[in-house]
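Structure record follows, encoded as structure tokens.
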Amino acid sequence: MNHFDYHDDALNCEQVSLTELADTVGTPLYVYSSATLERHYNVFADALSSKPGLRSPRDEAPLVAYAMKANSNMGVLATLAAQGCGADTVSEGEIRKALKAGVPANRIVFSGVGKTDAEMAFALKDGIYQLNVESRPELERLARVAAELNMVAPFVIRINPGVGAGGHEKITTGGAKDKFGISAEEALSLYAGAAGHPNLAPMGIACHIGSQILDLKPLQEAFTRMRGWVEQLRANGLSVERLDLGGGLGVPYFNQKEPATIADYADMTALAVGNLGVRYTFEPGRLIAANAGVLISRVIHVHEREDSGQQFLVLDAAMNDLLRPALYDAFHDIRPVARPGNETAKYDVVGPICETGDTFTRGRDMPVMKAGDLVAFMSAGAYGAVMGSEYNSRPLAPEVLVRDADWSIVRPRPSYDEMMAREPIPAWFTPAPKVKTA
Ligand SMILES: Cc1ncc(COP(=O)(O)O)c(C=O)c1O
Ligand SMILES: N[C@@H](CCCC[NH3+])C(=O)O
């Protein structure tokens, strides 16, 4: 079921015309489909909870903690929270947003290599499900923070299983030299050390080996190693109640081979790590949000260079709105919002920012476009708006959430006055900045 499709000669999101949205809200703008978010969460959660081997000893379904770094818009979070989804967070800001959007504290996990004391204290006081500890100094600080609060901190240790994978070297996290997690050997010794501590409750282990993983092989390898470490901990007389397997399963961006299916992922997981008598956690981000969102942009003009003959499609969206192509050479399918004809041309698609890197794609065959036409960057719901900035003093693109034939602005575009009001000119310049004339 695709919730972004052509109806009446224009691309729609559910039953809302993207042309009408662009005309009403202005471009560039992000548009998300509630139905797609819900479907992705439910397909994933159901595939895992239907495996008896992945249910806990108390018959609980796995905790699906959406990695909200992928898209932390409150409307998106509230949509997922209403379905029973949890949240994987990496900052106090994310925990606060998750709670406010309706995610219960006992469905929130807190990951990240550099949690501050204040963030740990906030998480503990709010009673979140667990902290995913990533290093020895972090565990030492957690013990101190919990002691100061007179609390017991439930935590898992993130093991770096030495299996790196992912769509780009900058989004690989499980390799032995990446900053994430610690070696199994160190994790096992820390775990044992924490077992008798009055303020620490070691609950289990975690891993997350990378993002945009298309093949199940590296995941299977990592999960199999995780099973071994659970067994080893138990053989050492330690209790292991939880296993967090991270996120990372890739999505189709329509330029690579298809990723493994959710059904195959669930089968593989049940085989590799099922029946361990633990409560499982999964942290999918991209899988839930990527294909639930598009970035709509308008063609400012088409510039044909006389010397090279290159055709530049100059858009009103730029790398500040969608950074992935500039940062990771990421591919996004770019479709005309009006149903395209058969004629095509080769375009370099660029934004107005003063950087050569502000190039979405080069020499791409696309339907012929002209000034004023609208394009949709597909699969932009994850790591899109959240990675936006105001570089070149461009206001953040607004975000719209669609449900059936209804839509709502879930983040308005700031006005120029609002943008400037956030940067007050020092009082010593009032009433007006003195300008040196000589
Ligand atoms: C700890 C952790 N969990 C989950 C995710 C989500 O990854 P993805 O969006 O690839 O599912 C990430 C990001 O890669 C992460 O760092
Ligand atoms: N930002 C990356 C994914 C990072 C994953 C975070 N651990 C992307 O756009 O593909």
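Each Cβ is built from the backbone N, Cα and C atoms, and glycine gets one as well.
Site annotation (TrEMBL, ligand pyridoxal 5'-phosphate) includes GLY248, GLU283, PRO284, GLY285, ARG286; from TYR129, TYR347, TYR383, TYR391, the additional listed residue is TYR383.
Binding residues for substrate (ARG286, ARG324, TYR328, GLU355, TYR383) extend across at most 27 Å, taking the greatest CA-CA distance. Only ARG324, TYR383, of the binding-site residues GLY248, PRO284, ARG286, ARG324, TYR383, place a Cβ under 6 Å from an atom of ligand 2.
Counting only same-chain residues at least 6 apart in sequence, those with a Cβ under 8 Å from the Cβ of TYR383 (pyridoxal 5'-phosphate binding site) are LYS69, ALA70, ASN71, GLY285, ARG286, ALA290, LEU323, ARG324. With respect to their backbone Cα atoms, TYR328 (substrate binding site) and PRO284 (pyridoxal 5'-phosphate binding site) stand 20 Å from each other.
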